[in-house]
């Protein structure tokens, strides 16, 4: 089996050779190994890695990455008593190959068979819904202590609401940015997103407590069986968790999740990877040089095959990675002609990429014309989430942008029938993947690459081709 491993949120400064997607790397053949060699300079926070090829993340190919502050830079909260990584995500009994085939045939993934906590199924909170004998996840804690929970949605396509019975979630960080510290009773975590919460064990320990991850934005009672439940166990607990699960948000309140997302703000006074405050980068005062309105819509038949698109183009990965084709000046592999908006023409399959301006400031508006939440991720960068709303984005929408403390992150949600706007400073040379994190729509072509080249060839702003490069496509003959 061919594999490639990608790290969600790691920026790989000057080094897109290590990005681990088909546009930059050849797949690792079965029986081979390949060592990624990269720095995590100028970053802190909670991230994860995953197998990025052919739906393999659905088979459990993922793990966590934690980047700590240097000792000389203060963290904007006290040292927690423990640090715990939690992976939540939808899971199907079908193999990733079967799921892939369904998607190719236009078959909806349907209701997942479970929502997992760290690879384990639900605690038997309801004997009618949960069969006996399923292994479940338990987190052991001490009363009175505070723990940092790093929660990642590593699933396939389902937005999840995370909550803990009788406990508040103090949000402190998301995807490498310290946030304004606010208490939440629950948090919607969309596919590919990561959050850090401080949770204080302030209950009396009379029993264990439920931790819940339940599907969001679904309209069928059949989804109830997919609720993920784990156990928070106090060392002095007197018995098992009991009572009903903590209530989720009202699914009929379409603005709840959007307003919650808008409430997440950048802590502009905190230092992060560097001692200067995060807010010293005044993104709201920078002139935009490039604007792209990226419109997606439901899967459609193109030349007899189900495909998804951005601006009417479904991305086709060539057998030779874009980055290698660029390095060896091979013509005809890709075109730098991706449109700034939807063109008045039939949808097509193509290898067209965005021409980014080095040290430019790009505005990207994601317009979601699909019926499900889409999460979008940009490799190589953290971007500022400056606005989102229902309806169609217009230039007047800029009047609603947050120009001061919009959080900098790498994955943002776009609600169905809505738009999300981001700003990104293109200071990292390379070819970088911009994709939906939803595996079903990503697999069918809902992605593009952003090419950022420094025109000053004497300025060494990019690391050289790695010695252990794997070659494929038209360069296969170079493989040692």
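Including glycine, each Cβ sits where the backbone N, Cα and C put it.
No curator has checked TrEMBL annotations; they are predicted automatically.
Residues annotated as domain 'Plastocyanin-like' in TrEMBL: 8-71 (among others).
The feature domain 'Plastocyanin-like' is assigned by TrEMBL to 83-237 (among others).
As annotated by TrEMBL, domain 'Plastocyanin-like' applies to 320-455 (among others). In terms of DSSP helix, strand and coil, the domain 'Plastocyanin-like' (320-455) has 17 helix, 59 strand, 60 coil.
Summarised by DSSP class, the composition of the domain 'Plastocyanin-like' (8-71) is 7 helix, 15 strand, 42 coil. Per-residue pLDDT, averaged across the domain 'Plastocyanin-like' (83-237), gives 96.
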